[in-house]
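S.K.: So Swiss-Prot lists these for the protein:
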type	residues	note
ACT_SITE	56	active site
ACT_SITE	291	active site
DISULFID	338-377	disulfide bond
DOMAIN	38-416	domain 'Peptidase A1'
CARBOHYD	88	N-linked glycosylation site
CARBOHYD	97	N-linked glycosylation site
CARBOHYD	168	N-linked glycosylation site
CARBOHYD	196	N-linked glycosylation site
CARBOHYD	231	N-linked glycosylation site
CARBOHYD	279	N-linked glycosylation site
CARBOHYD	330	N-linked glycosylation site
SIGNAL	1-16	signal peptide
């Protein structure tokens, strides 16, 4: 795209990552993996044990693989595969056992291991995030009751779920725990995705994500927003978070139930200018869950709106292996004419609280894939539920040209456009 002289002048001093404007924040670089985004910025214990963590907007604490297996630490590899990254509390002189304060907990089913137990004990230790942020936090210490069938490319889960008033430290995000101790001055976290271009459309520059795939800012708004000027502002629209119980029945099924999600109500869903029906039979407008892990891949649609998009785009059924499919949803996939993608309609959403229409362009919801040695363009759509819209996940596909923010104090979700100067 052509840049105006004024914009070129603005960019002249902005090609490096912008200077941090909010003291006390940390811009945590993220690496894309098939599971979701991970970070290598976390260490736990004394001396510090590096722990690559999966960053999860839908989990309620700092989870860590440990040597524990069936309640003991002697038979670790009867549960874990050799080479599995983990945190070993016996090697930390600052570890404190919290088993009396918080008894062991088990979820079954769960969305980690499904119908195998997700069992954790509790302890606290010093967690370091980046070079300058550290505090004692409560940890969820994995106690495996079965053998993992693979080595996971991370040793823990850094949860960023909202924290409710009734929650104690056993189900609190490690970010929230540190913010409560004054380590971060702001209760905000924010995300920007420096993704690869599929159809040569502009994408946020990699240096804005410190050369990585994404940036999860802890303790403030994304520094990308500081690139806006007075004539090209990118205001944040804030939406009040809701509790949406059907999420534990339709999507992330846990027993005991988990309801800590960044969630909004959807008031409109459109394909181009064509309104799509919403299912309002569950006590109001349907739900929108924010999740940038693998379950947030694909533009969220209902079964019926996906069927309509297939009609509009002339989609044809295509069979994709799991390692080729653009997302892990249960819906079927269709191929479309790569030459016609620019003519496809935007997929649109309106959330309760504002009339702003948020859009996903066809260049962001169509993916190129190789099938039998040939390039195929595939609709990257993920559906949940049956019939009209009842629930959907808003993650990396939705966020390709947006900044997503969460406010842990006021329990709000914020959305903003990525400023033009970031491209």
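Cβ atoms here come from the backbone N, Cα and C positions, even for glycine.
How about a rundown of where these features are and what they're close to?
M.R.: For residue 56 (active site), the same-chain residues that are 6 or more apart in sequence and have a Cβ closer than 8 Å to its Cβ are 36, 157, 158, 159, 160, 161, 293.
For residue 291 (active site), applying a Cβ distance below 8 Å and a minimum sequence separation of six or more within one chain yields 57, 58, 261, 393, 394, 395.
Reduced to three states, the DSSP call for residue 377 (disulfide bond) is strand.
Residue 88 (N-linked glycosylation site) falls within neither a helix nor a strand when secondary structure is assigned with DSSP, and so counts as coil.
Residue 97 (N-linked glycosylation site) carries a strand DSSP state (E or B). In sequence order, 123 constitute the residues six or more apart from residue 97 (N-linked glycosylation site) in its chain with CB-CB distances below 8 Å.
Its Cβ placed at the centre, residue 168 (N-linked glycosylation site) has 10 other Cβ atoms within 10 Å. A coil conformation is recorded for residue 168 (N-linked glycosylation site) in the three-state DSSP classification, outside any helix or strand.
Within 10 Å of the C-beta of residue 196 (N-linked glycosylation site) there are 9 other C-beta atoms, taking all protein chains into account. In the three-state DSSP assignment, the secondary structure recorded for residue 196 (N-linked glycosylation site) is coil.
In this structure, residue 279 (N-linked glycosylation site) belongs to neither helix nor strand by DSSP; it is coil. Non-local contacts of residue 279 (N-linked glycosylation site) by the CB criterion (under 8 A, 6+ apart in sequence, same chain) comprise 286, 302, 385, 387, 388, 389, 390.
All protein chains shown were included, and the count of other CB atoms within 10 Å of the CB of residue 330 (N-linked glycosylation site) stands at 7.
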S.K.: Cα of residue 196 (N-linked glycosylation site) to Cα of residue 377 (disulfide bond): how many Å, rounded?
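M.R.: Their Cα atoms are separated by 16 Å.
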S.K.: For the C-alpha pair, I'd like the distance in angstrom between residue 338 (disulfide bond) and residue 330 (N-linked glycosylation site), rounded off.
M.R.: 24
S.K.: Let me make sure I understand the structure: which of the disulfide-bonded residues listed (338, 377) has the fewest other Cβ atoms within 10 A of its Cβ?
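M.R.: With the disulfide-bonded residues 338, 377, fewest surrounding Cβ atoms within 10 Å: 338.
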S.K.: Expressed to the nearest Å, what is the distance separating residue 168 (N-linked glycosylation site) and residue 88 (N-linked glycosylation site) at their Cα atoms?
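M.R.: Residue 168 (N-linked glycosylation site) and residue 88 (N-linked glycosylation site) have their Cα atoms 24 Å apart.
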S.K.: Give me the Cα-Cα distance between residue 88 (N-linked glycosylation site) and residue 330 (N-linked glycosylation site), rounded to a whole Å.
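M.R.: That comes out at 37 Å between the alpha carbons.
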